[in-house]
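Scroll down for the structure; my scribbles are underneath it.
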Amino acid sequence: MLNRRKSLSDRLLNPNFGGQFLSRCLRTKSSRGYGGNVCRKSKAGKHGEHDGEEEGRIRLLKSRGQHLLTNQRVLDSIVRTSDIKPDDTVLEIGPGTGNLTLKLLEAARKVVAVEIDNRMVEILRKRAAERGFQDRLNIVSGDALKTKFPEFNLVVANIPYGISSPLLAKLVYGVNVNPFRSATLLLQKEFARRLLAKPGDSEFNRLAVNMKLVAEVEFVMDVSKRDFVPCPKVDSSVIKIYPKSEIPDVDLEEWWAFTRTCFSKKNKTLGATFKQKRKLMELVKLSKAEVFSKDVNLESHDDGSNSDGDEECESDEGSCDSSLSSGTGIGFLRTKIVRILESGGFLEKRPSKLSNDELLQLLSLLNGAGIYFHDRTKQKDACEAAFAACDDLL
């Protein structure tokens, strides 16, 4: 079992996590780029390495992301990269007709294959039996996002691309429930590039930031769209994910809210981001009296800037929460945040160029001054915090 720090969130260990979290995941949009032209059989066959026997007997549904990898050299490379041990139990999601499954069964003690299409299940069961693997194959017929996975310690899969984001969230943020050594995944190339992006890269985004908090991501290889039946519109990439045995001591709800704020305009300086009136009003409400009690002398140093259109609240009863929503309160908070950014050397820095360590340092400075990014007074259900993870992984 992995040693995770307690702050990884006890909510992620709640038995109700799967149902509520995944029902939210299912409401997200599918990944882009799939559902295009179907490759002609002549193209697939000219490589001389494509096994399309079973694929030719059924109609593949692009709406379910059924693009089957048929290039034997690529399949062998994925198995080698996965570093499967003889006593491993491998989880495969979306096995299709079993091109990869059969190779996994040759290397692993057991394979758990989760497949939603009953037509595929029958073909997979038949092919495994023909090779004498039926006792080592556990087929779970159902939706991978809704299904509680049996025990496993390794993941190898050509993931249906339409569920890449929520499935990754389920795996990496649920690692305490289902610990695994690594996950070797075939993903849409564009999505993989976003996962692999580093600070300073044009693709660097909140997806990469939140993934790097809990896991290391490694590039393996690119795979041509011509290696699939039917042929998708774009190429793919194989990546390998290693869950971290320990993550920084940070409140995940606060971290997700903080990174959402920073990466809403990732190329804008932090100084400019935190001077926006709308954002300051949100932070004033979230931090409330705590931020004012930390340093009451700051009010006299209000910079009085009205460049963002700050206006005093009307004096009518109930029109605002006294100074917390007034121009004075906003100016007070602006001054305080600017001082924090200056003291940490963050004022002119941009989120797109900051490492996770730097972002964690900045969040610590802001929290230490009583400035928070999520409402800590709200009583959320067991999985509400994890919903943000799924949203951020999109």
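Placed from the backbone N, Cα and C atoms, the Cβ positions cover glycine too.
Keep in mind that this is a model prediction, so the values were computed, not measured.
In TrEMBL this protein carries:
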type	residues	note
REGION	32-54	region 'Disordered'
BINDING	His67, Leu69, Gly94, Glu115, Asp143, Asn158	S-adenosyl-L-methionine binding site
DOMAIN	74-245	domain 'Ribosomal RNA adenine methylase transferase N-terminal'
REGION	298-325	region 'Disordered'
COMPBIAS	308-319	compositional bias 'Acidic residues'
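Mean pLDDT for the domain 'Ribosomal RNA adenine methylase transferase N-terminal' (74-245) in this predicted model: 95. Put simply, the two farthest-apart Cα atoms among His67, Leu69, Gly94, Glu115, Asp143, Asn158, the recorded binders of S-adenosyl-L-methionine, are 20 Å from each other. The least crowded of the binding-site residues Glu115, Asp143, judged by other CB atoms within 10 A of its own CB, is Asp143. A simple way to gauge crowding: the CB of Asn158 (S-adenosyl-L-methionine binding site) has 26 other CB atoms within 10 angstroms, across all the protein chains here.
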